[in-house]
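Per TrEMBL, these features apply:
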BINDING   71, 451, 452, 453, 454, 455, 456, 457, 458  ATP binding site
DOMAIN    42-308  domain 'Protein kinase'
DOMAIN    358-1073  domain 'Myosin motor'
REGION    954-976  region 'Actin-binding'
């Protein structure tokens, strides 16, 4: 039981102390006899809502037409005190803009259920503030703080009015603050209000709704001497303020009785995320929720709070904003309505002019289970455009026959991984349930859509594919677009207009959507069954051919390409012409056909068909239309009288040209056939009727094989990408959209096959819902009341069993050349002697079948011909010679046992692996058979009949369905006229009966739809009660621990299985998703922390590596520069030494020569030192001087002589001087010795660079006392 339902139960059963109001109870106080009958004044229009003791309706005043709301209460003998309390409050309370207005009380007597009181109040059609907040939160929005302050301001004014009149409301909550469409705020529901007196300003009765009750009110239950005053409403208003922010009151997920224990002991609650709201709003809540009510401010004081005072001067603007917000939410319909106030009343109300049944989303919740109750439930919901209703986990869908705006992406978001009861019933909820089960349990799912023709099955399949594509969003957007285009394309080729449905499926379709283990869609695959090929050549009165023929005709007409495809522009081809004669008029004038042709071209392009392929498809389709125009006439000759010819060769040439074959060869294939006898080939001519049959057989074969090729091509283009995920590793959600049960004025072979298929689907439903469930009750020792249901197993055996079943008898009779349709019916009558078969008197070629959906009379005319479906080998050989490559492929590939064109081996193997071994082996053998070369092997001449194709099709379909967990959708046709909002009681009741809805409601209400082995149950849900690292055994005790930890009720443990209600699985899955969600968050944090740590280590390593590299580089650079400096200095020293030694040697040599007059040995001179020449003392003195000093001992003549010798040196003459040198020399001509020395030093300190020669001569100048002018002379 939900928290809301517990709240209602608590309100209904809470131990109340004697009085709520001012007066002791006295039945004479109300004076029922004096109250007027409401029937004279008020007329009920519709139901608005429900409460603990009554329902609320919208009523209209019969006199002035004004609208109001009426609360109709239970018989007053049960709730006299509450009735009188509310009546006293409303009767004497003055009117106020923020309090609902009271129009009076009325009494309606009823002898069956007792009298009822009508309290007529002001109509607040904007809903409650709770509904508004929840509607916004579901859309990802929230109330603006200014709007919240405006609503609280209105509630405070209403409470101030009550308190000024000495009334305590005692049940202030969001659902009791109603809004008008103009943005008004009204306080309502005074059923538990208290009237204070001058002598008694406090109360001590513990009443109210637990979540909103003040601590002092709760304390009165245990402390009889305790009391409270009007400030208890202030606490409730503070809880309501939290509700306006968060959508629910604090502790909303706790049992109501437990909240009464928690509220007095817990600290005052706050908003769920206080930081997301302004300081003023948080402060206002904290002031309201002061636990000591003696310190709690009054309503008057709170009106001066800054958060409330901001409304002053802006009330009209805020009121308009609130009105616009209400209007926007109401446009979303019932989706935004809260579920908190859903209360089951104790007995149905007997109200004239109104629905006496409580409206419920799930028929299982009904207390009264009968056909009348169910039909009225569906009728009322249909009138409110609530076309979906649950029967446990089964969905009932009524065709609205109009477009509804409840399938937008906004609604898709509402039905994504949420609890089913959180939103109204919807087909998106069923799709989401299948998707979530697939992802949670890693198991294939199957959605089975069934119902009559015209009940909306095809549209339901569209919506399911749409929502599954939304749920399984893949990274490849193109893939999602392709999947969405599959249904429109296939239905254009496989659907047609019938007498009861403008878009009737004329084939069975099983679409498998493939998903990765994480739930992303990765591909799709279609399986098609039992295409009604006979529709190509002939349609019943009031019906049409397949849609594609009209689409392509209109499209080519608008593109002015009719002549290119050899189609007439005045009279339509015979295959699409009908008795009305308006086909061409509709093709030319109806824009819908042209738009559909453009849509088909778009589908081809998006899915991935090439232009060449599309062109070939168009040529084959138009070739079929031209083939139908070929006529035959009998000719007689001397030897042959049954020969036929083609009197309109133009049609023959057109068909041959479009099919890319020779016209003569085509005529020969149609008007003759070959017979091989004893090795000889004999050519026999065809009669006119035989030639026409061959023509039509060729057209049917062309269309049937083309349709199969399109399906196979789609499967190839939508197969999963192996780079993403292999098909065997993925999971499937299958959607079955099969033709509905049909019962026309004339029913033929096609209707028989369709209805047998529906019998098989109904049997599968019965087995899954009833038979298997009750069988497990017996085997597991569960004491359950058996539910009786209509078992159609005997009828199905009559159709399918061998050798005496109807289909076997049909095949047997088809093998006799002399058999006729009459002999076939006689055989049926002789062998099918049971209550399900009868033969009407006076009609030879008819027989009747008592189907699960009713009696159907079949016309056996052409049964044998349709079952044989013969295509001559000559036609196959001819079509193989076509220059159209696609046409060659169509008649070179074999047919499978289901009658479809075989697909290549590689294209089906992956899809087949998803089936269990016992089912997949046969299927692979069927689908991957090698291409047969003999023409008879590509036709049905190897004793393959339509009945055998049909039998294998049912087997293949069931093999796919049994693999997945089924989800059932029952489509109901509300009327036969296809009119919106028209509900035919008889037609709906008939459908409910034969589909077993009443029995389904009973077994879902009393039974256990989910039976899970102990091992499987523990494996799925062990994390709900055990630690993640534990591996508990699949025992009964562990299952019990999980169930008790989950706080579920109404479950049973059998011998080996856990038996659960249909809603238990959803609850367990929600708990499981919450646990997994928390685990995912923890994993995300841990992965983030590990990633950050790894990054930090890598970053530190990179930084350390950079420092090491930088250090090594700087060392290398320093060593390189040091080496350069060292080499430069070494070279300079060598130059100085060389120049100096040369100078000394030459000088000494000259002196020695002049003194001795002879030439000395140069080696001897070079070996002499400075001391040998008497210059050592002078060198020591001059080397330590800061400035040069010219000694007097050296005369000018000696200096001049030395300088001349130095200047004559080749080394000096070959040196090149830098600009700095020449500038120094030119600027220093007038320098003294001391000035020159100082200038050299200052230039060197300033970064000036001089040549090595300049430095040498400076040293010579200092050492040998050269004058500045002599030095400059040398340098120049």
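Indices start at 1 and increase along the chain as displayed.
Yeah, the Cβs are placed from backbone N, Cα and C, and that goes for glycine too.
Positions of TrEMBL features highlighted on the structure.
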{"residue": "71", "record": "ATP binding site", "DSSP (3 states)": "strand"}
{"residue": "452", "record": "ATP binding site", "DSSP (3 states)": "strand"}
{"residue": "458", "record": "ATP binding site", "DSSP (3 states)": "helix"}
Diameter of the ATP binding set by C-alpha atoms, the set being 71, 451, 452, 453, 454, 455, 456, 457, 458, in angstrom = 43
Take the region 'Actin-binding' (954-976) and count its residues per DSSP category (helix H/G/I, strand E/B, coil), listing them in that order.
-> 8 helix, 8 strand, 7 coil
Candidate with the highest Cβ count within 10 Å, taken from the binding-site residues 454, 456 | 456
How many other Cβ atoms are found within 10 Å of the Cβ atom of residue 452 (ATP binding site), counting all protein chains shown?
-> 25
The domain 'Protein kinase' (42-308): mean pLDDT?
-> 84
Using Cβ-Cβ distances, find the residues under 8 Å from residue 458 (ATP binding site) that belong to the same chain and are at least 6 apart in sequence, listing them in sequence order.
-> 487, 491, 495, 503, 505, 737
Including all protein chains displayed, how many Cβ atoms other than that of residue 71 (ATP binding site) lie within 10 Å of its Cβ?
-> 22
